[in-house]
Amino acid sequence: MPPFNLSSSTPATFVLAGIPGMEKSHTWISIPFCFMYLAALLGNSVLLFVLRTERSLHQPMYLFLSMLAVTDLMLSTTTVPKMLSLFWFSAGEISFGACLTQMFFLHFSFSAESVILLAMAFDRFVAICYPLHYAAVLTQAAIVKTGLVALLRSFCIIFPCVFLLKRLPFCGHNVIPHTYCEHMGIARLACADISINVLYGLAVPFAAVVLDVVLIAISYILILLALFRLPSRTARHKAFNTCVSHVCVILLFYIPAFFTVLTHRFGQEIPRHVHILLANLYVLFPPLLNPIVYGVRTQQIKDKVVKVFLCPTTHLLQD
């Protein structure tokens, strides 16, 4: 079989169709999506500002939280602005290169966030099970290396998807029935065998995330065992409270993600517009709710937000 010409078989642009069957409702749907995105930007920006300016919060737990906030901003900003332009101005056209870029950063941020959640679980594990070794284990160098591992692993897992898509010939229609570009949505437009894309796209990233979930589960099993061994109920309650926010964030991240993947792969009877709506909520809910969960559940962050924004004069005098 002669090799095909990549330049002639690659479309100049794709067209994002939005939510199939709900085109007339795009404007109404965009209103809550826009407010959720703005709230996510504000919440994560405030969180990053407080964590950056307050020296007392320069601890491993909060440094990991800063990484989480940055990743959440990447996840939502990669997709939502283009989604809103599609809803408001019918600007569904996107170049092939821009579509691949959006696809890469979408999946990259998801993978990186999974690693960060695993690192946060390890942080709680060391803090509760080995408190005397906490400062020695979670040094600043260890935190930097963790961030680099999150970036490197995510890059190595997702970057091959770009080549798997660029090798495909696209000689049919160029309309993507979605609000943003994702790996399988692009691959299904190809007029060639995409079995490698299906296998890699499902097996490799999914296996990496499942491994993270298993390790997080093991960490929390060990944490629970350590909590039961604590002699004081007050100590158990205090240690448990330090984990509640992280557990909530884990559930907010993984449950919608796995539900979206499973319904996309096996829920053929579920209408397509339901799939797309769930996928849109997936890129909005974690960035929106994560800073709220940590702001409400973590007393130190709540106090510092009040100190910085409600008592700025006192804050400046103390500094």
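Backbone N, Cα and C atoms are what each Cβ position is placed from, and that goes for glycine too.
The model shown is predicted, which means the values in this text are computed figures rather than measured ones.
Summarising the annotation, TrEMBL assigns domain 'G-protein coupled receptors family 1 profile' to 43-294.
Under the heading transmembrane segment, TrEMBL lists 28-50 (among others). Within the chain, the transmembrane segment (28-50) has long-range Cβ neighbours (under 8 A, six or more residues past its boundaries) at 19, 22, 57, 65-66, 69-70, 72-73, 76-77, 80-81, 83-84, 87-88, 280, 284-285, 287-288, 290-292, 294-295, 301, 304-305, 308-309.
Per TrEMBL, the feature transmembrane segment maps to 86-108 (among others).
Marked as transmembrane segment by TrEMBL: 115-136 (among others). Beyond its flanks by at least six residues, the transmembrane segment (115-136) meets 60-61, 64-65, 67-68, 71, 146, 149-150, 153-154, 212, 215-216, 219-220, 222-223, 226-227, 239, 242-243, 246, 249-250, 253 of its own chain at Cβ-Cβ distances under 8 Å.
Here TrEMBL flags 142-165 (among others) as transmembrane segment. Listed by sequence, the residues of this chain that lie at least six past the ends of the transmembrane segment (142-165) yet keep a Cβ under 8 A from its Cβ atoms are 60, 63-64, 67, 100, 103-104, 107-109, 111-112, 115-116, 119, 183, 186-187, 196-197, 200-201, 204-205, 208.
The annotation transmembrane segment is assigned in TrEMBL to 209-228 (among others).
For 240-262 (among others), the entry in TrEMBL reads transmembrane segment.
For the transmembrane segment (274-294), the residues of the chain that approach it from at least six positions outside its boundaries are 18-20, 33, 36-37, 39-40, 43-44, 46-47, 65, 68-69, 72-73, 75-76, 78-80, 83, 106, 113, 177-180, 182, 245, 248-249, 252-253, 256-257, 259-260, 263-264, 267, 301, judged by C-beta separation under 8 angstroms. The transmembrane segment annotation in TrEMBL covers 274-294 (among others).
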